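The block underneath contains the structure these notes are about, expressed in structure tokens.
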């Protein structure tokens, strides 16, 4: 599997599926799909960053960070620190599903797809500020404040990956540079043209509401 050498281009199909996907400058994709591209996780503010760092440090000192999370962080350190776009295209499916992400080439099992990026922020009580693009951040359960990665308006290609009960991807925690990251990786061999999906989990269906999508018209 290869990746783009930069984050300057994204493949996009507005109408015809994967076969009609063409490369666009990232800035043009941002305009068409009305979001801001974030190659890396961003913090809401300095206070949130400091709080997350303290919580993660505490977990590590308590030996509560799993060996798998640490191993994944080491394995994908370069991916996390110098992210590249995977060989996929964002494609319009229909008005019910919205957009999806499809493989442009074969992707072997256990390949790294990307980090789930967005704005890492505090979550309000009762899930009132959640949306279809929020991912709960894996801080300790004993913490009185919860945090979420919100890619509602800012994120990367992972925000367009759909749910499936028979997924070919998984979302899993990786611990790198003192904090947790949510990474997306393949769990099966994926063929060219196949849609990439992972299981959103039961909280998605209980608490989240799908944001209406649209089909933009290219000039």
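Note: Cβ is positioned from N, Cα and C throughout, glycine not excepted.
Annotated features in TrEMBL:
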type   : residues : note
DOMAIN : 86-201   : domain 'SET'
What mean pLDDT score does the domain 'SET' (86-201) have in the model?
89
DSSP-wise, what's the residue breakdown of the domain 'SET' (86-201) into helix, strand and coil?
7 helix, 54 strand, 55 coil
